[in-house]
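Annotated in TrEMBL:
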BINDING   T101, H351, G352, T353, A354, P355, K356, Y357, N364, Y403, R407  NADP(+) binding site
DOMAIN    27-424  domain 'Isopropylmalate dehydrogenase-like'
MOD_RES   S110  phosphoserine
MOD_RES   K139  N6-acetyllysine
SITE      Y157  site 'Critical for catalysis'
SITE      K227  site 'Critical for catalysis'
Amino acid sequence: MARYEAPQTGEKITLENGGLRVPDHPIIPFIEGDGTGPDIWAAARRVLDSAVEKAYGSKRKIEWFEIYAGEKAYKKYGEWLPEETLKTIEEYFVAIKGPLTTPVGGGIRSLNVALRQELDLFVCLRPVRYFNGVPSPVKKPEQVDMVIFRENSEDIYAGIEWQAESEDAKKVIRFLQDEMGVKKIRFPETSGIGIKPVSREGTERLVRAAIQYALDHGRKSVTLVHKGNIMKFTEGSFKNWGYELAEREFGDKVFTWWEYDEIKEKHGLDAANQAQSEAEAAGKLIVKDSIADAFLQQILTRPAEYDVIATLNLNGDYISDALAAQVGGIGIAPGANINFETGHAIFEATHGTAPKYAGMDKVNPGSVILSGVLMLEHLGWQEAADRIYRAMDQTISQKTVTYDFARLMEGATELKCSEFATKLIENL
Ligand SMILES: NC(=O)C1=CN([C@@H]2O[C@H](COP(=O)(O)OP(=O)(O)OC[C@H]3O[C@@H](n4cnc5c(N)ncnc54)[C@H](OP(=O)(O)O)[C@@H]3O)[C@@H](O)[C@H]2O)C=CC1
Ligand SMILES: O=C(O)CCC(=O)C(=O)O
Ligand SMILES: [Mg+2]
């Protein structure tokens with residue numbers, strides 16, 4: 001028997017002819033989240049509802065449906081991630097969530113990662129753009145306009161690992177030494193072991209989605225970010241499979257650095273540069289790559305050269321927080337976990353539960369609000385989305401901000417989390 005109470009009004013989003021059919025009153029499940037989750041979710045919900053009302057009057061309205069994961073689920077049902085939560089998201093297609101706690105070094109594995117894996121939401125999409133007036137540690141934050149496509153289902157992030165000195169770890173180490181001839185484990189008696197699976201299928205669906213997005217949105221380049229010089233058969237293969245897919249499936253629409261290298265080898269550097277300039281002038285998408293450590297310094301020094309980023313799970317985790325810092329911090333960094341083949345999606349902030357601020361009505365609700373904006377765009381409700389973007393720009397320009405921005409801005413008025421939402425609503 002269903003334990004969750006679906007709203008009495010509203011309709012389900014459905015899949016029709018390969019696309020989402022969104023009713024005017026869609027039922028959308030939400031997970032409130034742990035730590036600061038309840039504060040930022042309450043603020044976000046008010047802003048999303050007001051934007052929809054301002055944009056469409058009573059014609060459209062989201063019917064919210066609370067579902068459970070994390071501490072609230074554990075208190076209510078004795079389970080961290082009830083099966084009913086997964087089933088409900090599968091059934092309703094689109095959901096939004098607050099952050100969920102993951103203990104370090106033991107305890108339960110990440111519920112956030114589990115939701116992505118169980119529902120096969122293989123893209124973690126995190127756009128990073130600048131809002132006027134946001135305090136930033138760099139000189140030209142307005143040059144940052146990137147969209148991260150982070151692989152969401154594999155890599156070392158899949159959580160396949162064994163604790164040091166456990167029977168399982170010993171067994172894996174013995175297998176590696178005896179059967180595979182591995183001699184490089186420096187301290188085998190006390191090593192924990194982690195496995196990093198990276199597949200051709202996983203890479204291809206991620207890179208395909210990134211290139212298609214770049215073409216659909218008039219973006220200039222897709223950069224494959226990897227550490228393939230060191231992890232040759234995981235990160236290196238990610239790069240190779242990515243280039244192969246770009247050339248095989250997108251042909252004349254793209255110009256890759258593999259083509260550039262080939263021209264350079266046959267006809268010299270000038271010819272290769274000329275070919276790339278011609279491809280750019282013809283509006284082709286440039287597909288290039290960058291090694292992750294160099295990439296992290298280049299996004300600081302030359303951000304204008306990067307646009308859509310396709311990368312593996314762990315790199316994407318680091319890159320999204322680092323880039324968010326350049327445009328004002330993770331208080332306004334949104335995200336979405338999407339299966340581009342089935343349309344299933346969970347929208348969520350880039351940041352975590354910020355536990356020291358829990359219940360203080362203090363933190364910036366911007367990330368969850370902007371994740372909601374991505375959700376409105378996914379539903380095709382662009383006018384409501386645009387209203388929130390404009391209100392966010394205006395509210396920050398008026399220097400009415402939460403503590404994270406106020407501490408870096410001169411002459412700012414510091415607002416609580418809920419007050420910031422109210423100010424945004426006034427500016428919608
Ligand atoms: N998708 C998810 O649900 C995620 C969950 N987590 C989980 O969250 C928990 C806490 O992780 P932690 O590493 O502390 O990272 P957090 O992202 O929760 O917080 C780190 C710091 O970021 C700043 N920050 C975070 N959220 C906001 C906000 N809304 N407004 C303004 N500033 C903000 C604060 O900085 P300052 O101290 O400078 O004010 C905060 O102390 C862990 O259990 C982790 O696993 C982490 C990431 C994602
Ligand atoms: O699941 C977690 O606790 C952390 C996840 C995370 O940092 C992220 O997805 O950005
Ligand atoms: Mg993270």
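Every residue, even glycine, has its Cβ placed from backbone N, Cα and C.
No curator has checked TrEMBL annotations; they are predicted automatically.
Location within the structure of each feature annotated in TrEMBL.
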{"residue": "T101", "record": "NADP(+) binding site", "Cβ contacts under 8 Å, 6 or more apart": "D34, G35, G70, E71, G352, T353, P355"}
{"residue": "S110", "record": "phosphoserine", "Cβ contacts under 8 Å, 6 or more apart": "L100, T102, G159"}
{"residue": "K139", "record": "N6-acetyllysine", "Cβ contacts under 8 Å, 6 or more apart": "none"}
{"residue": "Y157", "record": "site 'Critical for catalysis'", "Cβ contacts under 8 Å, 6 or more apart": "V113, N313, L314, D317"}
{"residue": "K227", "record": "site 'Critical for catalysis'", "Cβ contacts under 8 Å, 6 or more apart": "E235, I291, A292, D293, N315"}
{"residue": "A354", "record": "NADP(+) binding site", "Cβ contacts under 8 Å, 6 or more apart": "G35, T36, P99, V363"}
{"residue": "K356", "record": "NADP(+) binding site", "Cβ contacts under 8 Å, 6 or more apart": "none"}
{"residue": "N364", "record": "NADP(+) binding site", "Cβ contacts under 8 Å, 6 or more apart": "I40, G329, G331, I332, V401, T402, Y403, D404, F405, C417, F420"}
{"residue": "R407", "record": "NADP(+) binding site", "Cβ contacts under 8 Å, 6 or more apart": "none"}
Recorded positions whose CB lies under 6 angstroms from ligand 2, from T101, S110, K139: S110
Three-class DSSP secondary structure - K356 (NADP(+) binding site): helix
Secondary structure of the residue listed as 'phosphoserine' (DSSP, helix/strand/coil): coil
Other CB atoms, at most 10 A from the CB of G352 (NADP(+) binding site): 19
Annotated recorded positions T101, K139, Y157, K227, G352, R407, filtered by Cβ under 6 Å to ligand 1: T101, G352
Rounded mean pLDDT for the residues that make up the domain 'Isopropylmalate dehydrogenase-like' (27-424): 96
